[in-house]
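*Asks:* From Swiss-Prot, for reference:
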SIGNAL    1-26  signal peptide
TOPO_DOM  27-185  topological domain 'Extracellular'
DISULFID  Cys48-Cys114  disulfide bond
REGION    69-90  region 'Disordered'
DISULFID  Cys105-Cys145  disulfide bond
DISULFID  Cys128-Cys167  disulfide bond
CARBOHYD  Asn148  N-linked glycosylation site
CARBOHYD  Asn158  N-linked glycosylation site
CARBOHYD  Asn163  N-linked glycosylation site
CARBOHYD  Asn173  N-linked glycosylation site
TRANSMEM  186-209  transmembrane segment
TRANSMEM  217-236  transmembrane segment
TOPO_DOM  237-276  topological domain 'Extracellular'
TRANSMEM  277-300  transmembrane segment
TRANSMEM  315-336  transmembrane segment
TOPO_DOM  337-355  topological domain 'Extracellular'
TRANSMEM  356-376  transmembrane segment
TRANSMEM  404-422  transmembrane segment
TOPO_DOM  423-434  topological domain 'Extracellular'
TRANSMEM  435-457  transmembrane segment
MOTIF     468-471  motif 'Important for interaction with G proteins'
REGION    531-585  region 'Disordered'
Amino acid sequence: MGAPRISHSLALLLCCSVLSSVYALVDADDVITKEEQIILLRNAQAQCEQRLKEVLRVPELAESAKDWMSRSAKTKKEKPAEKLYSQAEESREVSDRSRLQDGFCLPEWDNIVCWPAGVPGKVVAVPCPDYIYDFNHKGRAYRRCDSNGSWELVPGNNRTWANYSECVKFLTNETREREVFDRLGMIYTVGYSISLGSLTVAVLILGYFRRLHCTRNYIHMHLFVSFMLRAVSIFIKDAVLYSGVSTDEIERITEEELRAFTEPPPADKAGFVGCRVAVTVFLYFLTTNYYWILVEGLYLHSLIFMAFFSEKKYLWGFTLFGWGLPAVFVAVWVTVRATLANTECWDLSSGNKKWIIQVPILAAIVVNFILFINIIRVLATKLRETNAGRCDTRQQYRKLLKSTLVLMPLFGVHYIVFMATPYTEVSGILWQVQMHYEMLFNSFQGFFVAIIYCFCNGEVQAEIKKSWSRWTLALDFKRKARSGSSTYSYGPMVSHTSVTNVGPRGGLALSLSPRLAPGAGASANGHHQLPGYVKHGSISENSLPSSGPEPGTKDDGYLNGSGLYEPMVGEQPPPLLEEERETVM
């Protein structure tokens with residue numbers, strides 16, 4: 001009774017998490033790029049210029065610093081100003097009660113912040129804008145309005161003075177954000193590289209050995225290739241999007257460079273073609289990876305719950321589903337972006353248009369999770385039936401846990417964990433935990449899948465052992481041939497005989513040849529007439545001992561010995577299920 005209760009409770013808990021986080025996952029913007037930052041700055045500039053026109057047209061409008069900033073940016077939690085700017089609070093109070101009058105510093109846009117009107121002789125403080133993603137949103141930017149009613153200039157430079165030191169703390173080496181980003185980049189780069197290498201070896205192994213060519217391994221190969229293409233597309237996208245400046249250059253960004261982001265875009269948009277292609281390819285392979293994970297779940301679920309299952313018939317359907325359906329979603333997204341939001345590089349979220357890609361991915365995750373829960377339910381029920389009357393419940397729970405852990409990488413269950421907690425700021429312990437978790441599991445998932453479903457597969461290990469035995473025996477034969485001797489095998493025994501001493505053994509050869517050699521043209525060497533004789537260099541598969549169970553033979557249990565598909569007394573297990581045993585062993 002314990003195992004079913006555990007599985008039902010787990011299903012209820014995680015299903016509630018999925019349902020409560022549908023909108024959160026789809027609406028979350030995980031990454032912001034340079035192009036998106038430029039768009040956000042230009043949008044803020046347009047809003048600010050609109051407000052400036054209204055104020056200049058109707059000077060009687062009351063404009064406080066707080067109300068002014070709320071028009072162009074979401075005000076964050078205020079942080080106490082430094083002692084140097086103790087007059088800033090008084091300036092805001094005066095500004096709140098004042099109207100735009102003669103002698104006041106005019107409101108303006110400095111390509112970073114929309115500044116309100118300034119009181120002569122006072123310091124104006126505004127929150128660091130949240131539309132600049134990497135700013136410290138708890139800090140403030142400062143300007144001083146001199147007694148003449150004009151903004152204070154930088155000495156020796158015809159430029160308005162402004163202090164953004166609290167906003168640009170992310171640009172210094174004194175903060176830990178730089179270390180966090182470097183560590184995250186290293187994690188996913190190493191993870192995708194290891195996954196790419198291991199998956200390449202796994203695909204070569206499954207494709208090289210003909211005895212491993214079957215429907216389930218074909219599906220495994222498609223899944224491996226989807227992980228490989230996802231990793232390659234991520235590397236290409238990063239190279240195209242983030243190759244403009246290096247990390248050291250980013251740390252030396254100045255206010256002038258931030259202001260330069262709002263310059264008009266170039267008239268020629270051909271430079272964005274490569275970026276758009278890279279983003280489109282990345283989104284396609286990302287979607288295909290999720291759908292091939294779903295195909296694995298559908299295939300295993302079909303073997304368990306369908307009495308008649310034609311593997312060859314469904315293989316073509318699975319292939320079209322895994323590679324074709326994502327192409328439809330991506331094609332629709334490309335069409336919408338090209339017609340309705342053809343701006344800059346297409347890595348921008350562009351509002352609700354991102355639902356075209358994210359909703360199908362979310363649907364694949366939810367459906368695969370439901371299949372996973374259903375299979376675990378059947379596994380728990382089978383364990384209860386096979387262990388009826390036994391008192392060892394620890395072993396039962398151990399088998400259930402082991403089988404669950406094996407299935408989790410295949411079904412992508414780890415995607416569910418942080419679906420309900422999308423991050424909105426690049427800060428905080430929760431954000432760091434979430435990012436490390438996602439980067440670790442997403443990048444290493446391909447490696448885990450290759451280990452479990454290829455390198456730890458019994459059939460794969462048996463074929464590798466056979467191939468290794470053939471190669472070593474052939475190499476040994478060639479070495480002996482060069483040294484002038486031959487090696488012979490008599491069943492389990494091996495004899496090394498010098499070529500000069502080899503000759504016909506009359507009595508033995510004559511007595512064995514009528515029974516073992518059908519023709520009179522038998523070799524003069526008596527070794528050819530002995531039972532079990534195999535000469536090195538000509539080893540056949542039948543001469544080697546069996547290295548593992550064949551697909552149709554009975555094993556000790558399915559799903560790592562859990563006994564999910566152990567037949568009842570007098571019951572013959574379906575051949576497809578017996579063949580599928582090695583998938584999760």
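Cβ from N, Cα, C; glycine included.
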*Asks:* Within this structure, do the transmembrane segment (186-209) and the transmembrane segment (277-300) have 3 or more Cβ pairs under 8 angstroms, counting pairs 6 or more apart in sequence?
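*Replies:* These two stretches do not touch.
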*Asks:* Asn163 (N-linked glycosylation site) has how many other Cβ neighbours within 10 Å of its own Cβ?
*Replies:* 17
*Asks:* Counting other CB atoms within 10 A of each CB, which of the glycosylation sites Asn148, Asn158 comes out lowest?
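*Replies:* Among the glycosylation sites Asn148, Asn158, the lowest count of other Cβ atoms within 10 Å belongs to Asn158.
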*Asks:* For the C-alpha pair, I'd like the distance in angstrom between Asn148 (N-linked glycosylation site) and Asn163 (N-linked glycosylation site), rounded off.
*Replies:* 20
*Asks:* Taking a Cβ cut-off under 8 Å, which residues six or more beyond the ends of the transmembrane segment (217-236) line up next to it in the same chain?
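*Replies:* Non-local partners: 188, 192-193, 195-196, 199-200, 202-203, 206-207, 278, 281-282, 284-286, 288-289, 292-293, 295-296, 299, 315, 318-319, 322-323, 443, 445-446, 449-450, 453-454, 583.
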*Asks:* What is the total of other Cβ atoms whose distance to the Cβ of Cys48 (disulfide bond) is within 10 Å?
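*Replies:* That number is 22.
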*Asks:* Might you list, by sequence position, any residue in that chain lying six or more from Cys167 (disulfide bond) with a Cβ less than 8 Å away from its Cβ?
*Replies:* Cys128, Pro129, Ile132, Phe135, Asn136, Gly139, Arg140, Ala141
*Asks:* At the Cα level, what's the spacing in Å between Asn163 (N-linked glycosylation site) and Cys145 (disulfide bond), rounded?
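*Replies:* Cα to Cα, Asn163 (N-linked glycosylation site) and Cys145 (disulfide bond) are separated by 13 Å.
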*Asks:* Under DSSP, is Asn148 (N-linked glycosylation site) helix, strand or coil?
*Replies:* coil
*Asks:* Applying a 10 Å Cβ distance cut-off over all chains shown, what neighbour count does Cys105 (disulfide bond) have?
*Replies:* 23
